[in-house]
Amino acid sequence: MAEIVLKALAHTYSANPQSPEDYAIRQMEHVWHQGGAYALLGPSGCGKSTLLNIISGLLEPSEGDVLFDGQRVNELPPEERNIAQVFQFPVIYDTMTVFDNLAFPLRNINIPGHRITPKVEEVAEILELTPLLKRKAKGLTADEKQKVSMGRGLVRDDVSAILFDEPLTVIDPQLKWKLRRKLKEIHQRFNITMIYVTHDQLEASTFADKIAVMYEGQVVQFGTPQELFETPAHTFVGYFIGSPGMNFLDVHYHAGEVIFADIPLTMPQTFVDAIANSKRSNIKIGIRPEFVNVHASQREGALPARKRQVQDLGTYSIVTFELGGQTFKARLPEGHPEFGDDIYLTFDHDQLGLFVDEYRVEVTS
Amino acid sequence: MNNKVYNNRAWLLVLPMLVLVAFSAIIPLMTVVNYSVQDVLGPNASFFTGTEWFRTMLNDSALQAAFGRQILFSLIILAIQIPLGIGIALIMPKQGWQASAVLILITLPLLIPWNVVGSIWQIFTRGDIGLMGWGLRELGINYNITRNAGDAWATIILMDVWHWTPLVAMLCYSGLRSIPEAYYQAARIDRASKWAVFRYIQLPKLTNVLVIAVLLRFMHSFMIYAEPFVLTGGGPGSSTTFLTQSLATMAIGQQDLGPSAAFSIIYFLVILLVSWVFYTTIMHLQKDKNSQGGA
């Protein structure tokens, strides 16, 4: 059982790092609590896998510390860390049977045979591998193989955390969902810390209680799926989470008004004040497509815009429109009123977000 | 799977290849077959002999002895070169300039012409000017490849190991490089020992290249000619006379075209048979493994 703490952690593959861009992981602090189900979400190349390999010990961080229950483990190899890792492509021992595959980690630490068998059978039962135990692992399907490699992590009593590195990449879509549920079930049953790396927000939010969103080597937000959706801490989170992502309007303050591309916006006075008082030039207003209202005719405080495209996705429609020379999106529920090419927009004021230098600034509206 | 279109005209596409193979292999082989059933006395004087040459050759005690030596030789060098090649591949550097340097060094013996290899070792083992021959004598070891059959055998095997182990090592090296890093990482997390990593990851993944290595090394060692011929000339006595040398003596030295043609065919069939049996056995084993798992 372990609480995993990353303290002032940073990692670079460069021998002589000059700028923050040379770092695969920029300096960060993070705590993974015992027994949590976490996801590490981010685009390809943001440092997710690097971070995972540092936790498992396959990589030694260039700066900072990794603590397991307060104990510094930087130099400990993976075999001494009590963790298990499931890789993107299933790793199984081809020549062994499924049983031997599952028993392998136990035999390696010289556990007597009479204690191995019940343990392997128990894990096989949970993973629904029992009918396959006597089969050679080589001919299994990808999802069975992935279950076997997961099982090798579960048989060990001393495993305190299982790390998943995009484990469902090679699994058929209809089985993905099943396997994800299995993972959740295992998590609840074993009280093991699980960290799940993925670039798929749906996978992350169905698996994890809390998601860490990574961007350019940093965890930009750590929160529940709901928090990521409602109050993204960084413009990247707003853009990456949600479908489609958040709309951002570059604004500045001029003569008592908030201006976006020469268009004055109506917004709560607290926002106007915050923008007026900010000394920064990079100021954005964020609004989720869900909270953009489209009207067919002009009304008080509405912004005239031009419709570009409407995508009907069954239960909802996505409207792409042009405002101030840029395109934005609105997500409307099924059965929304008809409108022509000239549309009028209002934003739900309590759903506006203010972002200064890409980070969210809390404003009471 | 039953919607395949059968079109036998596709066989016509094989025709050019067939013509090429006919000229490069089948026609020359047929001339050998032609000789093997005749007694050629002169340009216009030959008699049909049937299977007589084949029977003579199979009952020839000198040839039987050479055949035994040949098999022994092939078995010994396979038993040494395959494990040694795997071992070398395992300890070779994996990346950087060291990897390139070692690869070049290890390939050097493969680039030396076979006659030259024989000459190098002939000089190397001479008691008066050869480093090895002289060194062993200085150490008080009575070593002489022209007098002692054991010394001659040991030297030929050593020479072949030096010449051809690099091939096995290189094949294995390429096989090892193709194992994804995740396997080693998973093995570390599973706390596998070095031996377990070799036994359950590296060796299974090497099976295919090892089949090729064994086949190549068997075929070549079974046909070895130039190196022992230059080094020992088949001696002392006939202790290191292998099949090719017996054949060359018979065909070129004595101009016994009929018997040597019959002998060539037997020789060819033996190599073909052994290679085929070995290959089908291995492939069969692998298929077994697959179908055991496959649904």
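Glycine is treated like the rest: Cβ placed from N, Cα and C.
Feature annotation from TrEMBL assigns domain 'ABC transmembrane type-1' to B:67-278.
TrEMBL lists B:12-33 (among others) with the feature transmembrane segment. Listed as Cβ neighbours of the transmembrane segment (B:12-33) (distance under 8 Å, sequence separation of 6 or more from its ends, same chain) are residues 261, 264-265, 268.
With a threshold of 8 Å between CB atoms, the same-chain residues lying at least 6 positions outside the transmembrane segment (B:71-91) that come near it are 106, 156-157, 160-161, 164-173, 175-176, 198, 202, 206, 210, 213-214, 217-218, 221-222, 224, 242. The annotation transmembrane segment is assigned in TrEMBL to B:71-91 (among others).
Here the transmembrane segment (B:103-124) has long-range neighbours at 88, 92, 130-133, 155, 159, 162-164, 166-167, 169-170, 173, 225-231, meaning same-chain residues at least 6 beyond its ends whose C-beta is under 8 angstroms from one of its own. What TrEMBL records for B:103-124 (among others) is transmembrane segment.
Positions annotated as transmembrane segment by TrEMBL: B:152-176 (among others).
Positions annotated as transmembrane segment by TrEMBL: B:197-219 (among others).
Here TrEMBL flags B:260-279 (among others) as transmembrane segment.
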